[in-house]
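A.B. asks: Sharing the features that TrEMBL gives for it:
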- 21-41: transmembrane segment (TRANSMEM)
- 23-459: domain 'Major facilitator superfamily (MFS) profile' (DOMAIN)
- 64-86: transmembrane segment (TRANSMEM)
- 93-113: transmembrane segment (TRANSMEM)
- 119-140: transmembrane segment (TRANSMEM)
- 152-170: transmembrane segment (TRANSMEM)
- 176-198: transmembrane segment (TRANSMEM)
- 270-290: transmembrane segment (TRANSMEM)
- 310-330: transmembrane segment (TRANSMEM)
- 342-361: transmembrane segment (TRANSMEM)
- 367-393: transmembrane segment (TRANSMEM)
- 405-424: transmembrane segment (TRANSMEM)
- 436-455: transmembrane segment (TRANSMEM)
Amino acid sequence: MFAQLFQRSNCLLNQRNRYQLLATVLINLICISHGMGIGWLSPTLRKLQSTDSPLQFSLDVNDVSWVGSALGLGSVTGNIICGLLINRIGGKLCLLLIAVPHSCLWFLVYFAQSVEFLIVGRFLAGITGGGIYIIHPIFLSEISDANIRGTLASMVMLSVNIGILLGYILGTHLAYYSVPFVVLLCPLSYFALILLFIRDSPMQLIREQRFAAAEKSFRYYKNIKDSDSLDKQSLATLEFENIKMKLTNEDDMPDKVSLKDFLTPAAIKGYAMAGVIVIANQFSGLFTMVNYMSDIFAKSGSSMDPNTSSIIIGVVQILGAYMSTLLCDVCGRKILMQVSSAGVAMSLTAFGLFTHFASIYDLSEWSWVPVALMSLDIFLGNIGLISCIFVLIVEMFPMKIRARATSVAIVVCSSLVFLMLNIFPLCMEHWGLPATMWSCACITAVCFVCFSLFLKETKGKSMVED
């Protein structure tokens, strides 16, 4: 029975898929580390705003908005840099380079003498995050089989969420100056393992006209050995030659892209739906709330400890992202986006209602409700809006413009990250928490309608076809 299970083509432990899974696990170490940087900020900001700040200075609400939003500016920068570099220097070198700015973050955190140190550190962390969201989806789509591509790509956000939970725990229970020493182990290990075990994707090597190296890479990621049967090797050769023929066809060469390729009906439809996905991803507030979770719970009317509530949310995020990895290639992308957007809209509406009435009535007996509603919001958000975004954006564009169009879409997403991280604490300060939540709920509800009417299912789509 177990032997039959492992032989299924969509089983990650299937012999053919093992090196694809290994590569995914290794490159996601930097996602865990990036998540630690995001999650650590939430409990730490509360400490830095108090009179007992571990640093020689404390932060006000404007400082908080800039420390938080610097991640978005860095993310835009990382998107642009990695979008320009990935086809020029290859995925492996890009994967190595993104570890550098993230490591610098923790040196700046440790030696911070003013708020500017933290802002620059968050900016550098954003460069790594921006690089992750460009490089990882493209790299994984090029090394993985169609029947497991969604599962592997959605592990990016699962790994980030694991890191966020660890960041919540470290920021809550460890001293400020101890955290950098712990977290730095992750990017250093990542750098060494990428250097040793990761190869450039076959598609990248074909584009560079390095056909022998491309075939070796193809055989490595598909786990094809010289000792395998002749039939298996023949099928692998045929599959490789098909990819090679498609990518070396003059009409499909990436460097032959012209303006009219970006104006085809398929490309325009891709832009429109990518825009809706990006808006839903950011204006739902899911990522923004992760950064300010402790402050949200402190303002929610709940009597539970805000940091403990944040750790609970961190666990829920992991469960939601894990559920997405299980369902993405089974149920498809569209149904997950529909369920996710509808659930987030309803959860945020209910959360806003509770916080509104908590400011009028004594609801201390119901202090568990904000945590329950936010847990539901985060769980449903991670099933689709968070975990599926990078799977969908890569899959919905025509092959010829895929890398460039994906880069542009993620640059737009990162710009919205900066906007939301900057204005969210100001909105909570001036509008109040209920109105802020209801605004996010309304936008998410509109996106649900768009997904239901216009989103095309991309499950099982080949990456060498439009």
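Note: Cβ is positioned from N, Cα and C throughout, glycine not excepted.
Where the annotation comes from TrEMBL, it is an automatic prediction and has not been curated.
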A.B. asks: Most CB pairs under 8 Å with the transmembrane segment (436-455): which of 64-86, 310-330, 342-361?
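C.D. replies: Result: 342-361.
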A.B. asks: May I ask which of the stretches 64-86, 152-170, 176-198, 342-361, 405-424 has the most CB pairs under 8 A with the transmembrane segment (310-330)?
C.D. replies: 152-170
A.B. asks: If contact means at least 3 Cβ pairs within less than 8 Å, sequence distance 6 or more, would you call the transmembrane segment (21-41) and the transmembrane segment (342-361) in contact?
C.D. replies: no
A.B. asks: Looking at the stretches 64-86, 93-113, 152-170, 176-198, 270-290, which one shares the most CB pairs under 8 Å with the transmembrane segment (119-140)?
C.D. replies: 64-86
A.B. asks: What stretch, picked from 93-113, 176-198, 270-290, has the most CB pairs under 8 A with the transmembrane segment (405-424)?
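C.D. replies: Maximum Cβ contact count belongs to 270-290.
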A.B. asks: Let me check one thing: do the transmembrane segment (93-113) and the transmembrane segment (152-170) come into contact, meaning three or more Cβ pairs under 8 Å with sequence separation of at least 6?
C.D. replies: no
A.B. asks: Averaged over the domain 'Major facilitator superfamily (MFS) profile' (23-459), what pLDDT does the prediction give?
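C.D. replies: Per the prediction, mean pLDDT sits at 86 for the domain 'Major facilitator superfamily (MFS) profile' (23-459).
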